[in-house]
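A.B. asks: Per Swiss-Prot, active site, proton donor is recorded for CYS126, and the stated evidence type is sequence analysis. Per Swiss-Prot, phosphoenolpyruvate binding site is recorded for LYS22, ASN23, and the stated evidence type is sequence analysis. Summarising the annotation, Swiss-Prot assigns UDP-N-acetyl-alpha-D-glucosamine binding site to ARG102, ARG131, PRO132, VAL133, ASP134, LEU135, ASP316, ILE338. The annotation 2-(S-cysteinyl)pyruvic acid O-phosphothioketal is assigned in Swiss-Prot to CYS126 on the grounds of sequence analysis.
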Amino acid sequence: MDRIHITGGTPLNGTIPISGAKNAALPLMIASLLTGETLELINVPRLADIAALTRILGNHGVDHMVVGKRPGQTAETGQTVRLTASNVIDTTAPYELVSTMRASFWVIAPLLARFGEAKVSLPGGCAIGTRPVDLLLMALEKLGAEIEIDGGYVVAKTKNGLRGTEIDFPKVTVGGTHVALMAAALAYGTTVLDNAAREPEVVDLAECLIKMGARIEGAGTSRIVVEGVARLGGTRHEVLPDRIETGTYAMAVAMTGGDVSLVNTRTDLLASALETLASTGTEVTALPDGIRVRRNGGGISPADVTTDPFPGFPTDLQAQFMALMTLAKGQSRIRETIFENRFMHVQELARLGARIRLDGDLAVVEGVERLKGAPVMATDLRASVSLVIGALAAEGETQINRVYHLDRGFEALEAKLARCGAQIERVRA
């Protein structure tokens, strides 16, 4: 099993190109099942989760072709893919494939909407709480699907097609909004989604669906209206920049000191996180094609955050921000309101010398003068990258084990950091 070795203490300086967003690319790829025509996606990151979904789509009969990379990207980053679902051979998504990645469960929506049936295994993925699929299934049932659970599979059918309806989500759900958008796009009549997720990735999916011929209004607000159409066609669409990768590298610069330009990204994708980062004493400046992050001298000021749905502070940056706060000059309070059991990185940060106390959904971080390198173990995707950030600022060498988590969500991480001066190396098993 691969490991990453990091010798900390080197400020980061240079330029980091931001990849396409995994959390946008996944639903976009799944949307290829809605049409028999070709969907071409630009700026798709090269990640383990993308490869896993490609295998799942291939199992259904979707043809996949890599045709190039985004201009300015290196050989290990970014790709343009063409997906064609003209010969779907199977509407079953088996356990051995779906269990590798939770988002793959979303194939249930386009399969049901286009073919009237789907049999999809209950999902796997990051071990950060239950992440129930109840809200996704509720949305499909509201649209007229008949659903039963049989042997660990969700079996969904519709006799006469899906029907437009009103869906009021009891809590904000990104997955539920993705599923409802895809299903409603081919439903008869009008569907209204209330308390819909406002995340940029939802907007990106909606914009792609509109290019495919869907009639959608209100994406990016809490009320989305979808007028169903009889069929969707192919299109060409560029995946939006990864706001979580952007925030991750911004926090790494803040923690190590230095001056880095993050290019191919946008400030509006993570305004709340950047505002919080600026409050810690880090200089954050908008560039024409990205963001400049600088912290040269001076301590890290403590800051309190509460994770919230967009446009609030992202839960996917909580672990990284906690790593930054371990070196703040004072106490910080971090409250996690989105997912349960998302503090698994705490005990590993403690191995580096962090002082963190947990109280339910609250983490109280007492800043220390320095961290020291140690062997640590990644437990999930975001936790693993928080350990990378901590290790970059720690004295001595840190060995991070189980780094396959990183490969699920961060494209060419070692190469991007090394180009900015980080002493980082992957040791392959």
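For all residues, glycine too, the Cβ spot is worked out from N, Cα and C.
Computed from a predicted structure; not experimentally measured.
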A.B. asks: From the binding-site residues VAL133, LEU135, ASP316, ILE338, pick the residue whose C-alpha lies nearest to the C-alpha of ASN23 (phosphoenolpyruvate binding site).
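C.D. replies: For ASN23 (phosphoenolpyruvate binding site), the closest Cα among VAL133, LEU135, ASP316, ILE338 is found at ASP316.
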A.B. asks: Among the binding-site residues LYS22, ARG102, which residue has the largest number of other Cβ atoms within 10 Å of its own Cβ?
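C.D. replies: Comparing the binding-site residues LYS22, ARG102, the most crowded Cβ belongs to LYS22.
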A.B. asks: Since the record lists ASN23, LEU135 as binding-site residues, which of them has the fewest other Cβ atoms within 10 Å of its Cβ?
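C.D. replies: Comparing Cβ neighbours within 10 Å for the binding-site residues ASN23, LEU135, LEU135 has the fewest.
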A.B. asks: Between LYS22 (phosphoenolpyruvate binding site) and ARG102 (UDP-N-acetyl-alpha-D-glucosamine binding site), what C-alpha distance do you get in Å?
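C.D. replies: Between the Cα atoms of LYS22 (phosphoenolpyruvate binding site) and ARG102 (UDP-N-acetyl-alpha-D-glucosamine binding site), the distance comes to 13 Å.
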A.B. asks: Could you check the binding-site residues ASP134, ASP316 and say which one's CB has the most other CB atoms within 10 Å?
C.D. replies: ASP316
A.B. asks: Helix, strand or coil: which one is ILE338 (UDP-N-acetyl-alpha-D-glucosamine binding site) in, per DSSP?
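C.D. replies: ILE338 (UDP-N-acetyl-alpha-D-glucosamine binding site) sits in coil per DSSP, no helix or strand.
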A.B. asks: Cβ distance under 8 Å to ILE338 (UDP-N-acetyl-alpha-D-glucosamine binding site), same chain, sequence separation 6 or more: which residues?
C.D. replies: THR307, ASP308, PRO309, THR315
A.B. asks: Sequence gap of 6 or more, C-beta under 8 Å: which same-chain residues meet both conditions with respect to VAL133 (UDP-N-acetyl-alpha-D-glucosamine binding site)?
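C.D. replies: Same-chain residues close to VAL133 (UDP-N-acetyl-alpha-D-glucosamine binding site) (Cβ under 8 Å, separated by 6 or more) are PHE105, LEU122, PRO123, VAL154, GLY175.
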A.B. asks: Using DSSP with the three-state reduction, classify ARG102 (UDP-N-acetyl-alpha-D-glucosamine binding site) as helix, strand or coil.
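C.D. replies: The three-state answer is helix.
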